[in-house]
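Novice: The structure is given below, and queries will be raised subsequently.
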Amino acid sequence: MSFALKTIYSPSPATTRGKPVVLGGDPKGNNFLYTCGNAVIIRNIKNPNQADIYYEHAQPATVAKYAPSGFYIASGDLSGTLRIWDTTQLEHPLKIELKVLSGPIADIAWSADSQRLVVVGDGKERFGAAILWDSGASVGEITGHSKAIASCDFKATRPFRVITGAEDFQANWFEGPPFKFKHAFKEHTRFLTCVRFSPDGEKVLTVGLDKKGFILDGKTGEKVGALAGGADAHALGIYSCSWSPDSKKVLTVSADKSAKIWDDKGTLLTTFAFEGGVESQLLGSLWQGDTLLAVNLNGDIFSLDQNNPKTPARTLKGHNKLVTSLAFDTASKALYSGSYDGVILQWNLETGIAVPIAGTGHTSSVTQAVVQGNKLVSVSVDDTTRFTPLNPPQYAAQGAKLDSQPQSVAVAQGKDIAVVVTLNSVVVLQGEKVASTTAVKYQPTVVRVSVDGSEVAVGAKDNSIHIYSLSGTTLSEQAVLSGHRGFLTAIAYSPDGKHFASADQNRDIFVWDKASRKIKVEGWVYHNARVTSLAWNSNSNNIVTGSLDSHVYVWSVSEPSKHIAIKNAHRGGVNAVLWVDEHTVASAGLDCSIKTWTIKN
């Protein structure tokens with residue numbers, strides 16, 4: 001057997017209210033960059049399904065920028081570490097790692113010749129540094145600020161200039177190399193959030209939380225204009241700006257939920273207004289080629305349409321909290337993913353477009369979800385089970401409230417029956433209401449219902465599998481199976497009804513004969529940490545497993561010694577795996593991404 005990565009369904013940018021989101025543009029015009037968790041996400045601007053993820057930061061990444069040559073990317077993280085790495089090779093070999101600041105890096109700017117960088121953020125000793133790209137040697141001092149620097153930029157034409165904007169309400173001007181402080185621009189009255197030179201180097205725009213934008217001369221740093229409206233250029237703070245490639249226009253985005261295009265003299269040309277609550281505040285922007293991008297607090301990436309300002313040309317959604325569960329609808333071919341923040345998305349696997357389920361849903365982490373006919377059954381840490389119609393996907397008014405926190409959910413296909421295990425009971429729901437509750441002396445961890453709906457397997461903290469018969473809504477315990485050395489973490493019945501597989505905290509994976517309830521296959525202990533999820537192929541022969549060790553394995557029941565390992569499928573751990581079709585596996589994990597893999601026998 002062999003495997004190949006098919007598609008990456010990327011996470012959305014990590015966001016924090018009141019902090020700008022920095023997007024990095026590709027000098028060749030093909031890709032754009034952002035960060036989520038410890039990862040840097042590289043996405044094709046025209047086809048977002050073409051993506052790559054760089055995982056090598058030890059701390060959450062905060063910003064990434066392409067070198068103008070296009071051959072390297074510089075990325076920074078919360079610890080003040082800067083990594084410069086190769087973009088031309090799939091492995092992204094590291095050029096250099098430098099501890100530049102003692103606190104978070106907020107922004108990075110390259111010189112036009114790709115030889116120098118300015119790195120800014122927070123720290124105890126300094127708020128910024130100007131360095132050579134290949135050695136980290138200093139090429140000047142970024143001084144003159146009394147508080148953390150939020151943004152910086154490098155003039156793309158000679159003579160080189162550097163500008164920084166900080167929380168001390170001022171933008172500082174530097175000339176070099178070596179770069180030295182020249183003067184400060186002090187007309188902002190609140191934090192600066194973004195400073196950007198126009199591509200031709202003639203002008204600079206500075207924006208801040210005072211709702212103002214000032215235009216400075218690109219050679220001297222002297223004020224030459226301002227965005228029309230003064231303190232009312234936007235109704236709330238401006239978080240980001242980005243110039244058009246021809247330097248004649250500039251895009252700004254604001255917490256007032258609008259994006260605006262201005263000419264190079266500050267005259268307003270176009271307004272893009274968004275509706276919604278706080279989550280619709282716009283925090284990031286990028287103008288690359290003919291594509292204008294804006295990012296909101298929710299992490300959604302909008303492609304703005306200048307010809308139709310009322311409707312974005314495209315909206316990219318994803319998770320920016322770890323993905324906890326997956327479910328697949330074989331009828332519609334839609335994939336459903338639930339995350340730690342209670343969000344459930346419906347994915348079109350062909351286009352890569354995700355749509356959130358409408359309405360008010362779970363308020364906390366989605367523990368598990370499964371498709372039953374034309375509805376999605378999900379359980380959450382919020383102590384509810386929800387039955388969500390899928391045509392169209394719309395949350396019902398309320399879910400079924402449970403007495404304690406649900407651990408797992410399973411459904412009887414073809415019947416209106418769902419089984420949920422809580423911390424101390426096994427609950428059968430019918431018609432979306434609790435029909436019976438069976439108190440147990442053990443602590444359940446996982447549940448599955450057999451293909452014919454007659455049997456329920458409950459895995460437990462006592463390292464056992466408790467087998468129940470299911471008649472109507474009544475459960476009767478039939479057997480207790482032992483053999484596992486750790487508590488149960490995953491169970492699944494084979495589609496042909498002849499077997500079931502189980503996995504535990506201690507990495508063991510067993511295949512059981514359903515009729516005799518004897519172990520048929522054992523010895524699958526190749527994972528290095530707890531197995532979190534397992535699923536059967538429709539052929540009832542191959543099993544896929546995911547683990548906290550970050551790996552995905554595919555096993556063969558007919559040839560137990562035969563397996564393939566997808567190493568580091570999701571950095572940090574795999575939370576969910578399933579089969580999309582007989583040759584495609586989907587996986588999700590702590591990196592907030594979903595990936596599909598082609599499996600060849």
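Just so it is clear, glycine is given a Cβ too, placed from its N, Cα and C backbone atoms.
What Swiss-Prot shows for this protein is this:
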REPEAT    56-95  repeat 'WD 1'
REPEAT    100-143  repeat 'WD 2'
REPEAT    145-184  repeat 'WD 3'
REPEAT    187-226  repeat 'WD 4'
REPEAT    233-272  repeat 'WD 5'
REPEAT    318-357  repeat 'WD 6'
REPEAT    435-478  repeat 'WD 7'
REPEAT    483-522  repeat 'WD 8'
REPEAT    526-565  repeat 'WD 9'
REPEAT    569-600  repeat 'WD 10'
Novice: Restricting to the same chain and to residues at least six past its boundaries, which positions have a Cβ under 8 Å from a Cβ of the repeat 'WD 8' (483-522)?
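Specialist: For the repeat 'WD 8' (483-522), the far contacts come to 445-452, 455, 457, 459-465, 467, 528-536, 538, 540, 543, 545, 547, 555, 557, 560.
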Novice: Should the repeat 'WD 6' (318-357) and the repeat 'WD 10' (569-600) be scored as in contact, given a threshold of at least 3 Cβ pairs under 8 Å and pairs 6 or more apart?
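Specialist: Judged by the Cβ rule, the two regions touch, with the required three close pairs present.
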Novice: State the residues, same chain only, that lie 6 or more residues beyond the ends of the repeat 'WD 9' (526-565) and have a CB under 8 A from a CB inside it; answer 'none' if no residue qualifies.
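Specialist: Same-chain contacts beyond the ends: 1-3, 486, 489-496, 498-499, 501-509, 511, 520, 571-579, 581-582, 585, 587, 589, 597, 599, 601.
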Novice: Do any residues of this chain, six or more beyond the ends of the repeat 'WD 10' (569-600), have a C-beta under 8 angstroms from a C-beta of it, and if so which?
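Specialist: Tertiary neighbours of the repeat 'WD 10' (569-600) are 1-12, 36-39, 53, 55, 318-328, 333, 335, 337, 339, 347, 349, 529, 532-539, 542, 544-552, 554.
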Novice: By DSSP, what is the split of the repeat 'WD 3' (145-184) into helix, strand and coil residues?
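Specialist: Final tally across the stretch: 0 helix, 23 strand, 17 coil.
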Novice: The repeat 'WD 4' (187-226): which same-chain residues, six or more beyond its ends, come within Cβ distance under 8 Å?
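Specialist: Cβ under 8 Å, 6 or more out: 20, 150-157, 159, 161, 163-167, 169-171, 173, 232-243, 245-247, 250, 252, 254, 262, 264-266.
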Novice: Could you break down the residues of the repeat 'WD 4' (187-226) into DSSP helix, strand and coil, giving a count for each?
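Specialist: Counting residues per DSSP class in the repeat 'WD 4' (187-226), I get 0 helix, 21 strand, 19 coil.
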Novice: DSSP says what for the repeat 'WD 7' (435-478): how many helix, strand, coil residues?
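Specialist: Each residue of the repeat 'WD 7' (435-478) counted once, the result is 0 helix, 29 strand, 15 coil.
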Novice: With DSSP as the reference, give the number of residues of the repeat 'WD 2' (100-143) in helix, strand and coil.
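Specialist: So the repeat 'WD 2' (100-143) is made up of 0 helix, 19 strand, 25 coil.
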Novice: Mean pLDDT over the repeat 'WD 9' (526-565): what is the value?
Specialist: 98
